[in-house]
Structure formats: structure tokens, C-alpha cells
Amino acid sequence: LTGVLDDCLCDIESIDDFNTFKIFPKIQKLQERDYFRYYKVNLKRPCPFWADDGHCSIKDCHVEPCPESKIPVGIKAGSSNKYSKAANNSKELEDCEQANKLGAVNSTLSNQSKEAFIDWARYDDSQDHFCELDDERSPDAQYVDLLLNPERYTGYKGPSAWRVWNSIYEENCFKPRSVYRPLNPLAPSRGGDDGESFYTWLEGLCLEKRVFYKLISGLHASINLHLCANYLLEETWGKPRWGPNVKEFTRRFDPIETKGEGPRRLKNLYFLYLIELRALSKVAPYFERSVVDLYTGNGHEDAESKALLLDIFRDTQSFHMHFDEKSMFAGDKKGAKSLKEEFRLHFKNISRIMDCVGCDKCRLWGKLQTQGLGTALKILFSEKEIQSLPENSPSKGFQLTRQEIVALVNAFGRLSTSIRELQNFKVLLQQNR
């Protein structure tokens, strides 16, 4: 796998070197810090599109939620939009004042009106979101320690997994009506229209729709790589041994086994990496402000976490072959606006499909990675708002919740790991020859 990627001026070798020597070691360290390892998620939301066909009963599908006592006090107490110590300490006072004010006003409001106000506020907040966010106040939302629930092969497959990916590709990836073969790589072989030659339809799509397909294909490739790299190789005396499965990797990505499609899937992974890398370089000014503090309650650790995050941002800004998002949605204003909204709603739909995944561990990592990509897209299309942020006060125009920040960093960490694992598989394949 070498050479320049389509739709951008970047080559695979440059990304490999940059990721291996600059990004991967630092993002691994950052993901181990308390602020980034605890993710609040609702794994009990019902599937909005079809009747749930039951959850996976394989033991490796299970997610162990984190007891409240283990969560750092600053994360538990923090309002989702407030990061600094001062904001968290003054929160109780604010809440009290707010309750008094609302109490005075609300006596004249019906319950219906109150709900309408809450809905309006929620609607306004969601206008720039590419994802359906979990309600963190729901009793079903729980903290999960991502380090204790790693993404790996669980054995989840069959009709349930097939239906999820099929719905993502067939209903949301702007597939032309003239294309009959399923886009889903899990689809059985159809003979003549198979393999690399199948993808001529992509060239007929506009750049934005091509990008959308590549992001989803890249995400799928990344997830498959994690499963191949962290595979259950054997279980003796109840002790599992996890590691890379070369045979499984070959089945999913080898040019001969996949009729030329495997390398395309991996190129889409690199493309997705570039998109999220670009988002990290763009969001740096948001975090450089003194008002943003990655608050857990441990001052020393919080300062170290922020310093490491800003160091990673500097690295992302030093990369000299970024994807140029200005080439997207650049046509006539009305058409561009409508296409951007269609793009956003299609992606939001995909984030909702994640609630249909039958395996809890796959659902956890699926939700986190789609939310991370959705946050990256939100950043890329909010450049003006980010540039006009006030230095010393929370911003009204552009904000990230803690949930979005944790998802953004961990999703990019997964892509960085995928590209690192790909290097490992190259070595293993050479040894096997």
C-alpha cells in the first residue's frame, strides 16, 4: 500500500512516518489520562429503526460500567460545558440562583410550555451537531472506563451485524440508483460486477458525496483492523490469549482475496485519518484559551493533560499535507447549504444506527468512533466560530461538551492505532512468506 491518496495531495508513506514517530506515542499517553479514559454512554437506548433482535450473549460482548466511586470528582460534578475549576466551584451557587429565577417565572408556565422551552434549547444546540448525542442525565447513561473495556474481536456477527452495516451503506452513503450491488463489503460475491472495477460509480459522485463514502468505508476498515489485531487466538484453562490474526487480516484486506478491494478500504482509512487530523489542527485555538481546563479535580494531572493535548495539536499543525476542507461545499451558496445539511443529516442517521448494534462492546466503540468523527466534522465546518472565540469567557457560538472532547481524542487514537497495527501486519506477512 503506497502512493498518493485520491482527492488530496498526500501520500501514505508520509502519514505512516508522521503517525509512528510523532502522533502515536503521545496520543497513547493522552488516552490513559483520567479525563480521556472515562466516557459516559447510554448502551440501553432502543434501536430507532427496527425491532431489536436481542443482545449478544457472548461474554466478550459485555461492557463493565464503572462504579461512581471510581470516577474522579471533577468529572462527576462538572457540567458538560464547563471545564475550569472556577466554573465547577461556582456551579452550585449558579444552580441555586437559576432555580430561584426559574421558580419565579415558571409558576405562570404550564408543564407543556416548560418542555417546549427545553426542546427549543436542545434544538438550537443540535443545529451544528453531526451526531445524535446521548442524554448524559438519563438514568441509563453510565461511565465506562475505556482502558478496561478495550475494542477487540467479540465474535459478534451474523444477521444483526450485517443489517447494521447494510443500513449504513445502502441508506446513507448516497448510493446511485443505477448501482445494484450492495456497497457493504460483507456482501457475498456477485461475479462480474465485483472487485475494484465495481467502484467506477464513485467517480460520478460530487466530491462531498465521495468524501462521505470514504469516511464510512475508512471507519469500517479501522474497526476491522482493530478486530484482526486484537483477536481471541486461544483460550486455555479460562485464560484468553489475544493478539494479531494474520489469516483474518488477509481475508478482509488482501488484494487477491478481496478482488482488489482491500487496498481501497485501507486507503479510505488513511483518508479518514487525514480528515480527523485536520480537525485537531483546526480546533487548537479553542483549547489554547486559559478558560478551558481539562478538569478532573487533580490540578497537577489536569495541567499535564492540557500540556500534552496542546503538544499534540502543535504536531498536527506541523503536518504539511493536510486535506483542504475548503474544497467542499464550495459551489453556489444555496446548493452548497442544502448539500451540507443533507451530509449532516445522513451522518446523524448513522450515529443513530449505532443504537441498533447488538453487542454492547461493539456498540460502545461504534458510538464513540462515530461521535468522534461527527465532532471532527462539526469542527471543520465551524472555522469562523472558532477563530472568533473570546479568550476569557465561555463561548456562545462554538462549544464542545466533555463527551465530544473525549470521543474526538479517542476516535483519533483508534485511527492512529489502526495505522500502527497495519505496520505490524506488514512485518508479520513478510515473516510468513
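We number each residue from 1, going along the chain as drawn.
Glycine too: its Cβ is placed from the backbone N, Cα and C atoms.
Matching TrEMBL disulfide entries to the candidates C356, C362 identifies the partner of C359 as C362. Residues listed for FAD, R152, T154, W165, S217, H220, R252, cover a largest CA to CA span of 21 Å. Local packing around the binding-site residues T154, S217 was summarised as the count of other Cβ atoms within 10 Å of each Cβ; on this measure the leading residue is S217. Cβ neighbour count for R152 (FAD binding site) (all protein chains, 10 Å cutoff from its Cβ): 18. When the Cα atoms are compared, H220 (FAD binding site) and C359 (disulfide bond) turn out to be 16 Å apart.
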